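Below are the structure tokens for one structure; questions will follow.
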Amino acid sequence: MSLKKQQQQSDFSAAPARRPPTLQSYHTSPDPRGKQILRQSASFTALNNPRMDTALPQIQDAPSNSKRNSDEGFGTKPRRKNTFSSFVNSVLGSPRNIKISAPENPVHVTHVGYDNQTGQFTGLPKDWQRMLQASGISKKEQEQHPQTMVDIMRFYERNAAGAGDEEVWHKFDNAILRQGEYPDGMSPASATSPRFPQNHEGSFENPRAAPPPPKPSQSSPVPVLSSTIVPNRVAPKPPTVGLIPSRPPPQPPVVSNRAPAARPANEPVTTPPIPENEPVFVNAPPVVPSAIQSPVQYQQQQERAMAAAQQAIIDKQLDRSRSQPAAAVARPRPRTRQSTAFDVRAKLQAICTPGDPTKKYYNLNKIGQGASGGVFTAYETNTNKCVAIKQMNLDLQPKKDLIINEILVMKDSKHKNIVNFLDSYLHGLDLWVVMEYMEGGSLTDVVTFNIMSEGQIAAVCRETLSGLQHLHSKGVIHRDIKSDNILLSMDGEIKLTDFGFCAQINDSQNKRNTMVGTPYWMAPEVVTRKEYGRKVDIWSLGIMAIEMIEGEPPYLTESPLRALYLIATNGTPKIKDEQNLSPVFRDFLHLALRVDPEKRASAHDLLKHPFMSICEPLNSLAPLVKSARISRAQEKAQKGGA
């Protein structure tokens, strides 16, 4: 019996261990489906992930069990995928319909260049190629001044795209206001710009652009330190027992590429005093301690060593800064927050006169139409004085922030040779700006229908220069001096207009004011997109003087693109029958039309020129004004009859 038991035990130990059969319940039966094949979802099948092949055993190779587990029901259909499987299948398994939205605010950018090897312009659209062919600029002229061609084409493109319409809003970029001009709580647009730094009358000659910021070096930047430096952490107090660190000071921390946080300008920078009895370890040699240090003492010594290393770095950088000038730190240009329509309206309400302007002015008569509103003549109720009113829809103004600055500057620019600002109102959605009305019209009609003498030309130049000198002293560049913007009274008084508010109240449509961006009065530095200052107004005055001589400015009969080319390349324009002019007049024009702005005269210089001594009285211009009005009325009648 014992032998039989031993044999059974040896057989049992030699046989491989097998899983005991699954217990069958009374309601279970063999699975009629046979072998169970694991189904894969469509998403995993589509992925064809090799990990699935290696991680999961092959179902076909596994031994099948004909018995079902007790939790399986008989004859049940395959269960549907759960919610998670359906979600994965919808994301990965099924193809997604790609929906591409339409572009928003598309901008077509044209990059024009010139290839010196081929002698051809690159990046020219077909429209520009046709324009260049029809401009009248020969191939030889293009090859002689390729860079000038690129500059003027970019200039013309910018004006043709509509960007030139906003130029009028930048006349006051440099304006200087007296202290306390702004109402409380207002933060109007800055009166200065990077192109025109803040200036005074003596320094506002030819501003230069700021030099480009230095390029960052490949190595880690060294922060520029001031004379007072705040360490990252205050050095701890020395321990009671004088101890020397058992190891040399650690290496200085590597300066990270992240720039340190800027400190507010008004925050005082102070350095905490260092106790006199605290030793400073700089390059201290290692010394074996005489006693075992506690963890607290060791931590304190490590902090002291770190503070000493930082102090050593600071001392070296201070010595270096004293011997070498510190490199300029490039600061990002601050961006002025764009005011909302609500903010602009709130600021305008603070500076505009309250009340209903329709009760103060009556008999409004429309005499002109601008891009954002109309120009009317009206009469003041109390004085019966005729005024000009510009009604502007604020929603159509491209530069709402600058309107506030211009109103404040115009209030401070009272001058006898400037069409003065009288009042402003907010009426509904419109801004009403009330200005002086010059019933004589513009100088354009005078030069078109009359021949002026040198004395009369000198009188116009003197009055214009007087107004320009006042504007320049305020930091204002007019940038659009021409006969259209010189208005006269019936008595011959002369005043400058068009400062953003005053539209062309002359309703005549001619080549001067209908063509977009025709720069016949512009200085060469404007056409070639260079930095410029107040001397651009002096050049325009010289061109206007030629206009009074010949009846039109130079190059008026040329195409706009060729006019740009001639202004940029010819320099001082030639005057027809220049020999018929007096020497003093020729010298006056020569000083005003210098190509180099540095050598061009200022308004102050030209007011002292001998040409001013031959000025005729202003009332001598009254007959010319009346004659021009009659001729203009007859011309309108003829056009109307035809």
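Positions of Cβ are set from backbone N, Cα and C atoms, glycine also.
Swiss-Prot feature annotations, pasted as is:
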ACT_SITE  Asp480  active site, proton acceptor
BINDING   Ile367, Gly368, Gln369, Gly370, Ala371, Ser372, Gly373, Gly374, Val375, Lys390  ATP binding site
COMPBIAS  1-12  compositional bias 'Polar residues'
COMPBIAS  38-48  compositional bias 'Polar residues'
COMPBIAS  217-227  compositional bias 'Low complexity'
COMPBIAS  254-266  compositional bias 'Low complexity'
DOMAIN    100-113  domain 'CRIB'
DOMAIN    361-612  domain 'Protein kinase'
REGION    1-82  region 'Disordered'
REGION    180-276  region 'Disordered'
REGION    317-338  region 'Disordered'
Round to a whole number and give the Cα-to-Cα distance in Å for the pair Ile367 (ATP binding site) and the residue listed as 'active site, proton acceptor'.
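Per the Cα atoms, Ile367 (ATP binding site) and the residue listed as 'active site, proton acceptor' stand 21 Å apart.
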Restricting to the domain 'CRIB' (100-113), report the mean pLDDT as a whole number.
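Result for the domain 'CRIB' (100-113): average pLDDT 60.
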So among the binding-site residues Ile367, Val375, who's got the most Cβ atoms within 10 Å?
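That would be Val375, with the highest Cβ count within 10 Å.
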In whole Å, how far is the residue listed as 'active site, proton acceptor' from Gln369 (ATP binding site) when you measure between their Cα atoms?
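About 19 Å separates the two Cα atoms.
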To the nearest Å, how far is the Cα of Asp480 (active site, proton acceptor) from the Cα of Gly373 (ATP binding site)?
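Their Cα atoms are separated by 20 Å.
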